[in-house]
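Below: one structure, written as structure tokens.
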Amino acid sequence: MQGAACPVRFSPSNHLLSSLYPALHSIFRRHAKMSMQEAAAAAKLHDGNSDYTAPTQHRPASAKAQLAAWHANRGNKSFLRAMIPSLRQPAAGEIPETKNPIKLIRMVSGFGWLMFFSGWLAWTVDGYDFFCVSLTIDGLAEQFEVKTTKITTAITLTLLFRSLGALIFGMLADRYGRKWTLVGNCLLIMVFELGSGFVNTYPQFLAVRSLFGIAMGGIWGQASATALENVPAAARGLLSGIMQQGYAVGYLLAAVINLTVVQTSKYHWRSIYFFGAGFSLLAAIVRACLPESRQFILAREEAKAQNISSKETTRLFFIEMKNMFRTNWLRWIWAVCLMTFFNFFSHGSQDLYPKYLTSSKGFSSKLASKATIISNCGAIVGGTIAGYCSQYLGRRFAILVCIFYTGAWSALWLIPHSFGSLSAGAFFVQSGVQGAWGIVPVYLGEVSPPAFRALFAGLSYQLGNMASSGAAQIESDAGETLKLHGTQTPDYAKIIGILMGAVMAWGIICVICGPEADHSHFEEAKVATQRGGGEAVGTDLVRGRIDDDKHEASHVEKV
């Protein structure tokens, strides 16, 4: 087939890939190729000779107009009634989905699993690389002859620079596609991880970790989009939970290497960064061996059919980005508020927890590390289960359930003094915290302006992360005044409890005020380089709101 060749070609002569070539080639032929008929159908969307008529008016930018498209399938409900999350009800004419997780897993094609794995792996490696510093604080302080509090500055700088990375790489991913943007992003992380292992002075370390923060900030938006836009909508809840907990898997991997390899290697703390560079290279290779997401292949074929130059495509991208900001400013404000909650929810419950166990409960560092590992196992379990349940309960309703579930286990997490009880409390609390987090990738993907999912989801995530970067510092400063009765020991149990209570109250408000576009088929949306892409919203792509004659097309828009 001409003009629709698979974007990835493998040479059978390559001894590393020769054994995989037949299987991968077959998958790519089925799922990455586009027929000339599909290309023609996509091109007709903007062809003046077709039946399609381009909108003559822009979507209004007022708050009222934005709120009118805030909830999909709102029906006859008032806006205030629609704000209250309730159990999801299938839309009129919607085919009931299976609740069997085995069937959901089998529903995903081989190509979909490969794309999901590439996104999950990139996010897992990102988590590993970030936690390297917190796991090697003592070794770094000894190497650079500074206090451990100085080393935490590197963590803060990484968090602060992540927003810049989300902006840069989010724009690149929405303009040029997911594939090579993510590959380049992973390679940059590899370089900065190697640099972290080779530095010899404290200023050098701060500089490298600041640059690492820029690269790290670009990963989540791309990884989430790559993992979910190539799988069926029915399976996205489950896979969202699995994808998000790649971060916890990254921590566990880093913790294991720190407890084993780092303790025996002649390179000591440097070895964990060298491993991180290798993992980042692996993530880049995996993504490079897979094709571009299909909607970008369609868009490029359409631009080629219409003889649209790269310069003109870039011009259209910035026009649509301007339209996206103009018609979604309220959504941006809400998303940053929501992600501020989520990041305080995780950082407030995690960052100071090991110190709380050692100072307030008298645990050894080894026991504190074991409790943290147990809590991350709870995170993986909770994220997977909550993501799956959100497919049927509704995204917002499931998040609220996780918030209340977390509050219910807080007493076991803070009051006991034994290792077993506190570890159990940490397991259940983190299963709730990360259960809510497991819904975030699919929820943000569905409510994002569909043509700018990498930028919107990634940047709102990292702006919320920036706002919450002082969570550990807030708790630490509070420890200077709130002490255990009759001692000078900070009462971190009370401090963490108060902070988490306030954070959960804020989260409930954000979720209730949030938009809803459950089961949005964002894979059918226009990309950011196509006219009208910037003004589309996720609720336009929910099956119950799509006209039958339009949802037949490759790209869907409701004006």
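Every residue gets a Cβ built from N, Cα and C, even glycine.
Nobody curates TrEMBL annotations by hand; they come from automatic prediction.
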Would you mind telling me which of 16-36, 205-225 TrEMBL tags as transmembrane segment? 205-225
Does the transmembrane segment (151-173) make contact with the transmembrane segment (205-225) through 3 or more Cβ pairs under 8 Å, each pair 6 or more apart in sequence? yes
Taking the transmembrane segment (104-123) as reference, which of 246-265, 397-415, 492-513 has the most Cβ pairs under 8 angstroms? 246-265
Within the predicted model, mean pLDDT of the domain 'Major facilitator superfamily (MFS) profile' (115-518): 91
With a cut-off of 8 Å between Cβ atoms, can you find at least three pairs linking the transmembrane segment (271-290) to the transmembrane segment (397-415)? Only pairs 6 or more residues apart in sequence count. no
